[in-house]
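**Student:** For 21-56, the entry in Swiss-Prot reads domain 'EF-hand 1', with the evidence type sequence analysis. Annotation source Swiss-Prot lists Ca(2+) 1 binding site at Asp34, Asn36, Ser38, Ser40, Glu45, citing sequence analysis. Per Swiss-Prot, the feature domain 'EF-hand 2' maps to 60-88. According to Swiss-Prot, the feature Ca(2+) 2 binding site maps to Asp66, Asp68, Asp72, Glu77. The domain 'EF-hand 3' feature in Swiss-Prot is assigned to 90-125. Residues or ranges marked as Ca(2+) 3 binding site in Swiss-Prot (evidence: sequence analysis): Asp103, Asp105, Asp107, Tyr109, Glu114. What Swiss-Prot records for 131-166 is domain 'EF-hand 4'. Taken from Swiss-Prot, the feature Ca(2+) 4 binding site covers Asp144, Asp146, Asp148, Lys150, Glu155.
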Amino acid sequence: MGQSQSQIFEDLISNSSFSNEEIERIRKRFIKIDANQSGSIDRNEFLSIPSVASNPLASRLFSVVDEDGGGDVDFQEFINSLSVFSVHGNKEEKLKFAFKIYDIDRDGYISNGELYLVLKMMVGTNLREDQLQQIVDKTIMEVDKDRDGKISFEEFKDIVSGSNVTSSMTLDSF
């Protein structure tokens with residue numbers, strides 16, 4: 001038999017950085033986003049969130065938030081992702097989330113092709129393909145310390161942790 005609603009709620013509180021009140025506000029927001037009232041947020045519903053819709057990486061965000069790859073985001077996945085962006089979310093969690101944006105095949109590495117695809121989403125048609133490929137190749141050469149042709153999480157963390165990326169991944173309130 002499954003867990004009771006109160007047990008699920010208690011688990012959400014203990015496994016996230018949110019208070020009771022914040023989880024309740026997030027639950028109400030989740031219900032509003034879930035337009036077809038299926039109990040989960042599908043890709044189209046997710047992409048209809050105004051702050052997400054305007055992001056060039058919206059489809060990648062959905063893929064990362066959809067932790068199990070099931071094609072929709074349940075409330076647990078929603079809370080887990082928002083927890084990363086809370087003021088209480090730690091730097092390591094934020095960096096792992098950012099890394100997953102680039103790690104399209106979820107193999108724990110960012111390949112040349114994955115970096116190219118994600119950067120292409122960000123720059124659109126502002127760069128020629130050969131210019132973008134040069135940037136990707138140069139980035140891989142500079143970041144790939146063990147010379148295996150791909151970027152591991154540790155290599156990513158080394159290069160990104162000196163920036164303010166994690167502070168821009170923090171939302172003040174929910």
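Note that Cβ sites are derived from N, Cα and C of the backbone, with glycine treated the same way.
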**Student:** Non-local Cβ contacts of Asp144 (Ca(2+) 4 binding site) (under 8 Å, 6 or more apart, same chain)?
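**Tutor:** Set apart from Asp144 (Ca(2+) 4 binding site) by at least 6 residues yet with Cβ under 8 Å, we have Lys150, Ile151, Glu155.
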**Student:** I need the CA-to-CA distance for Asp107 (Ca(2+) 3 binding site) versus Asp68 (Ca(2+) 2 binding site), whole Å please.
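**Tutor:** That separation, Cα to Cα, works out to 14 Å.
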**Student:** Looking only at the domain 'EF-hand 4' (131-166), what is the model's average confidence as pLDDT?
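**Tutor:** That region's mean pLDDT is 93.
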**Student:** Within the same chain, and leaving aside Asp103, Asp105, Asp107, Tyr109, Glu114, name every residue whose CB is within 8 angstroms of the centroid of the CB atoms belonging to the recorded Ca(2+) 3 site, in sequence order.
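**Tutor:** Apart from Asp103, Asp105, Asp107, Tyr109, Glu114, the close residues are Tyr102, Ile104, Arg106, Gly108, Ile110, Ser111, Lys150.
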**Student:** According to DSSP, how is the domain 'EF-hand 3' (90-125) divided among helix, strand and coil residues?
**Tutor:** 24 helix, 2 strand, 10 coil
**Student:** Determine which residues of this chain, when Asp144, Asp146, Asp148, Lys150, Glu155 are set aside, have a Cβ within 8 Å of the centroid of the Ca(2+) 4 site's Cβ atoms, and list them as they appear in the sequence.
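**Tutor:** Residues close to the Ca(2+) 4 site, other than Asp144, Asp146, Asp148, Lys150, Glu155: Tyr109, Ile140, Val143, Lys145, Arg147, Gly149, Ile151, Ser152.
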**Student:** Other than Asp34, Asn36, Ser38, Ser40, Glu45 themselves, what residues in this chain have Cβ atoms within 8 Å of the centroid of the Ca(2+) 1 site's Cβ atoms?
**Tutor:** Ile33, Ala35, Gln37, Gly39, Ile41, Asp42, Asp72
**Student:** Quick check: which same-chain residues outside Asp66, Asp68, Asp72, Glu77 lie with their CB within 8 A of the centre of the Ca(2+) 2 site CB atoms?
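**Tutor:** Here the nearby residues are Ser40, Val65, Glu67, Gly69, Gly70, Gly71, Val73, Asp74.
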